[in-house]
Amino acid sequence: MTSAESNGTMNRVPTSPPGSPTKEAPKYREREQWSNKIEFILSCMGFCIGLGNVWRFPYLCYKNGGGAFLIPYIICLIAGGAPVFILEIALGQFTSQGGITVWDICPIFKGIGFGTTIICFFLNVYYIVVLSWGLLYLYHSFSHVLPWATCDNEWNTESCLTVKELNITLSNLTSSEVADSPKVDAAVEFWERKVLQISDGIHNPGQIRWELALTLFLAWVICYFCIWKGVKWTGKVVYFTATFPYVMLTILLIRGVTLNGAMKGIIFYLKPDFSKLLDGQVWIDAGTQIFFSYAIALGCMTALGSYNSFHNNFYKQCIFIACLNSGTSLYAGFAIFSVLGFMATELGVDVAYVAESGPGLAFIAYPKAVTQMPAAPLWAVLFFFMILMLGLDSQFVAIEGFVTAIVDMFPKYLRVGYRREYFIAATCFVSFLIGLSMVTNGGMYVFQVFDYYSASGMTLLWFCVFECGAVAWVYGVRRFYDNIEEMLGFRINSWLMICWSFLSPLVTGGIFIFSLITYKPVTYNKDYEYPGWAIFIGWCMALSSMLCVPVYFIYQILITPGTMRQRWKILTTPRLPMALPVHATDPDDVKQNGTKNSNKYEQSKL
């Protein structure tokens, strides 16, 4: 046995046959591993805990029954989200492969890998646009007077009102008149007329907003240098990007709860309305929020798990990350709604009037509330820096997931010299060019199409159903259970077998079907309706990933020789080519076990 084999790694340098001329072999890079377990945990935290925890969950919670929303949320988490989250990381750790080649354990369903990688690419293209907005807001926050606090700027109109003027106006109007008031507050005008300079529709793209193009380019440069040297380098970056948002969130929470009216917002956030549990949309919102928040069906969790050592206790780590992820969503709600309660009190209106979700919360509602605080620029800087940190690690881990999937498909070509770095640079540049379509005057309309269709809850749910089905019913849930026991050294809770086989596919499949039944075309600001061609493009993006599963399935059936039974047997037998890397064990494992368990495929009872 060679020294490389005894250390649990594979020598991938090809040898020349006897008598042939000696030729220098290309130097392939061995697959990296995390320097320690903390880096893996922080990377998972950074990817999962992102903008959705701050700007989506609190809004969904108040909209869907306050504290009562936690019931469907926890049920969907236990029966669907957490089991699939554990499944993806376990697959990555067991195979040491990215989002595509990991499905060599069940070749006929390799289309899952291609589809999730397409979604990941779409996500990388549009998610980073949020960072470009955040960078521009952060830049404008370094001013004595926040530009969205006044109406004497060049972009303001005669309809503009400051928060104080809006307060006086609203106090003289009834609730129905408030909704019909033509007045526009300064924060909205800054967002739409200064930052976006938004056009009248997607049919009118207008010109590139060069301020946003510059911040978009800067965001891509930052992301590139966060991942260009591989996970050992990325693991160092997440020490800051994954932890600092908690410092910011805590500071904002402490400031929020000391404001007048904060308790009004918190009560509004959590006051339970159990009648909402009878509304099917509440369960859809709970399920889709789980799958968004846990970043599953993107291939990225598989990629992160693939850099673990074979005997890493991912099970304990996944439980910790799941608790922290959901806890952060709840925690963020207190920070957000305490400030919204203050804002509602200042305006003399109900909290529902100022509560928004998504970009509307981050770039209109919260900045508007900040203008009413003492030392407003300081709180604006802290808030937008937190937004950047939350989005940044989610973005560069998503890029790492995409790159890992492609590099693992072509290791002989992309693990030579600096080709991996060149490939990452090319990926970032191409994504930047596509992203320029979202920083034009009509870019916000393009962004909404990407967000609504390309990486929607519908597409994620679709792949979750097939992931569970492929592992539990084709590869074999008991066989996978045994593989996990090999890695961990103990049997995990049998509840997961039940979830992977029955509950998770049923929950995700049910929500997927209900989403189709209740589907409504994308709109912007609830009043702009997209033309048919834009909706068609949106569906093309969604189907470009979803159809990978049936198309690849049929294609493999057609090209595989033999009877149908022989084809099925061939296509459901795990393919373990010698090109697949073999996991190195932890140094402690090598010392204790020597070469035992160094080759996971020899030990996996396949």
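For all residues, glycine too, the Cβ spot is worked out from N, Cα and C.
What TrEMBL lists as region 'Disordered' is 1-30, 582-606. Residues or ranges marked as compositional bias 'Polar residues' in TrEMBL: 1-14, 592-606. Annotated transmembrane segment per TrEMBL: 38-57, 69-91, 112-139, 212-231, 243-270, 290-307, 319-344, 378-410, 422-447, 453-475, 495-518, 530-555, in sequence order. TrEMBL lists GLY46, ASN53, SER293, ASN325, LEU390, ASP393, SER394 with the feature Na(+) binding site. Annotation source TrEMBL lists disulfide bond at CYS151-CYS160.
Looking at ASP393 (Na(+) binding site) and CYS151 (disulfide bond), their Cα atoms lie 35 Å from each other. Each residue in MET45, PHE47, CYS48, ILE49, GLY50, LEU51, GLY52, ALA295, THR328 lies on the same chain as GLY46, ASN53, SER293, ASN325, LEU390, ASP393, SER394 and has a C-beta within 8 Å of the C-beta centroid of that Na(+) site, without being one of the site residues. When the recorded positions CYS151, CYS160, LEU390 are compared by the number of other C-beta atoms lying within 10 angstroms of their own C-beta, CYS151 comes out lowest.
Same-chain residues lying 6+ beyond the ends of the transmembrane segment (38-57) with a Cβ under 8 Å from its Cβ atoms: 89, 130, 231, 234-236, 238-239, 241-243, 245, 249, 289, 292-295, 300-301, 304-305, 307-308, 312, 317, 320-321, 324-325, 328-330, 332-333, 335-336, 357-359, 361-362, 386-387, 390-391, 393-394, 397-398. With a cut-off of 8 Å on Cβ pairs spaced 6 or more residues apart, the transmembrane segment (378-410) and the transmembrane segment (69-91) reach fewer than 3 such pairs and are scored as not touching.
Cα to Cα, GLY46 (Na(+) binding site) and CYS151 (disulfide bond) are separated by 38 Å. Recorded stretches compared: 69-91, 422-447, 495-518, 530-555; the one with the most Cβ pairs under 8 Å to the transmembrane segment (212-231) is 422-447. Highest Cβ count within 10 Å among the binding-site residues ASN53, SER293, ASN325, ASP393, SER394: ASP393. As a quick check, the transmembrane segment (69-91) and the transmembrane segment (453-475) clear the bar of 3 or more Cβ pairs under 8 A, pairs 6 or more apart, so the two touch.
Counted as Cβ pairs under 8 Å, contacts with the transmembrane segment (290-307) are highest for 453-475 among 319-344, 422-447, 453-475.
Away from its own ends, the transmembrane segment (422-447) comes close to residues 121, 124-126, 128-129, 132, 196-199, 201-209, 212-213, 216-217, 220, 223-224, 227-228, 399, 402-403, 406-407, 414, 524, 528, 530, 534 of its chain (Cβ-Cβ under 8 Å, at least six residues beyond either end). The stretch from 112-139, 319-344, 495-518, 530-555 that makes the most Cβ contacts under 8 Å with the transmembrane segment (453-475) is 495-518.
Nonlocal intrachain contacts for the transmembrane segment (112-139), taken as residues 6+ away from its ends with a CB within less than 8 angstroms of a stretch CB, comprise 51, 99-103, 195, 211-212, 215-216, 218-220, 223, 297-300, 359, 362-363, 367, 380-381, 384-385, 387-388, 391-392, 394-395, 398-399, 401-402, 405-406, 427, 431, 434-435, 438-439, 443, 447, 450-451, 454-455, 459-460, 463, 466-467, 470, 541, 544-549, 552.
Between the CA atoms of LEU390 (Na(+) binding site) and CYS151 (disulfide bond) there is a gap of 31 Å, rounded to the nearest whole number.
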